[in-house]
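Listed in Swiss-Prot:
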type     : residues : note
REGION   : 60-80    : region 'Disordered'
DOMAIN   : 70-121   : domain 'HTH myb-type 1'
MOTIF    : 86-93    : motif 'Nuclear localization signal'
DNA_BIND : 98-121   : DNA-binding region
DNA_BIND : 150-173  : DNA-binding region
DOMAIN   : 178-228  : domain 'HTH myb-type 3'
DNA_BIND : 201-224  : DNA-binding region
REGION   : 256-288  : region 'Disordered'
COMPBIAS : 271-283  : compositional bias 'Polar residues'
REGION   : 512-548  : region 'Disordered'
Amino acid sequence: MSSSSNPPVCSPEKEERSEMKIEIQCMENKQPLAASCSSASEGSGCFFLKSPEIATPATVSSFPRRTSGPMRRAKGGWTPEEDETLRRAVEKYKGKRWKKIAEFFPERTEVQCLHRWQKVLNPELVKGPWTQEEDDKIVELVKKYGPAKWSVIAKSLPGRIGKQCRERWHNHLNPGIRKDAWTVEEESALMNSHRMYGNKWAEIAKVLPGRTDNAIKNHWNSSLKKKLEFYLATGNLPPPASKFIVLKDIADGDRDSKQSSATKPFKDSDSLTQTSSGNTDSNEVGRDHFDSSSALLEEVAASRRIGVNEYACSPVEYKPQLPNLEPISEEVRINSKAYFERSIQRKVENGFGTPKHGNLYYKSPLDYYFPSEADLQHMYGYECGCSPGAASPVSLMTTPCNKDSGLTATRSPESFLREAARTFPNTPSIFRKRRKVVLAAKTDAVVVVNGVVKEVDRKEESKDMRKSLLLETTDNCSDDEELGLNGNAFNLSPPYRLRAKRTAVIKSRQLEFTSEKEKQPDNEIEFTSAKEKQPDNEIKTSEEDKPV
């Protein structure tokens, strides 16, 4: 076979015949039909064609070896300098005398040089994508010659070699190839085979009929390699649809819990396990955990709704932090509570009520109860002999809310009082026009009480002035008015209205509902009107004219 065994006197014709035998042997492509040869690198030949006597050591390679991937049949790769030298040698010998060509490469055989030229460096080699005509031609020739004789088949495809035709058939055109989705059984078999064979995809392909070594390699690197940790920990692969089933069951249970009532939650909770398949123990644990957590959340939400509705639909049992707050007498507190009980009874009859208390309901103390100003005017307007007009329906109650209404924002007692003051009907003109009043000088002031003009010194203590004015004003009320604990009349206005009341008394006009106004003589009324029409400088008394 080799010319090295011939004596030096051998003829050139005999040497050429021996080289032609090597070329014919390689061109007939007598490798096994298994696809294992398709995984070899382009610059390496098949293992039984390599000369072991002159094999290149692994340390001579100029490129670092791969730590993973298919096992190389040939050691070492071709450098760009070697490729250029091979081109010049093939051009010199016209691609025929491969023994002479191999002499340019001390560590390469003639077979390696031939394969490198035919599979990689030949400019006539077509490396582009396959056309439909080429695929049809391969299928037709395979029916004629069978899946063999790839060198003969390649002659009908210009620019293609037998190796390309073989790989195209086994990886794409073979009708026995499975192209559907991978099943769990196939992935488990691939896991077990990979533990035994590693990256030998041709050996793994024997375990998976219908899957090519190329498809097995792509599926392992792209998808299955990420599931390796779970497989090594449990021994099983996670089912693809189990996660969707569990999430669907939880969503269905959440929807059922929203539709169920507070007294009978989760009446359809048994349907959670009817749609789940596989891993029943884990589903049971997840269902129990979901039921308990959802029930707790629903109870907390119901208690919150009850707490807010109680605050909005019931009398405000809150102790406001107001300055100078005087204690309310026992009789006032009892009467005001009776009034609110009647109001609540009317609202319950109209269809509004308070829902039942939940477990998280907080009941504030009932001893500290403060009615609003509008309620006190409604309760004591007739007792003082005054005519308040229409009774104010406004109280410390918010707008009656229905049980089915949503959650409303909480409001402070100050906002209730402010709204009651704005919506109170028949507001006295004193409160509406108090900003137009021109006060007297800082030293003195003219006060008209019951038609009598009085000069009041501003320097005297405010406590004595407030007490005297309060006593004179309460004379207008009926004799059966009830006094407070200290003998003084009970002030119906809140503490922050005390200044407005004092300003109203200083004014030169009387309340419209004063019952004693009709009893005044005509001359006193005229005198009062004249005082009102005078300018401010005439009404005020200068400090110089003041009698000593």
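Every residue gets a Cβ built from N, Cα and C, even glycine.
Predicted-model confidence for the domain 'HTH myb-type 3' (178-228) is 89, expressed as mean pLDDT. Break the DNA-binding region (150-173) down by DSSP state and the numbers are 18 helix, 0 strand, 6 coil. Taken through DSSP, the DNA-binding region (98-121) splits into 17 helix, 0 strand, 7 coil. Across the DNA-binding region (201-224), DSSP helix (H, G, I), strand (E, B) and coil residues number 18 helix, 0 strand, 6 coil. Here the motif 'Nuclear localization signal' (86-93) has, by DSSP, the following mix of helix, strand and coil residues: 8 helix, 0 strand, 0 coil.
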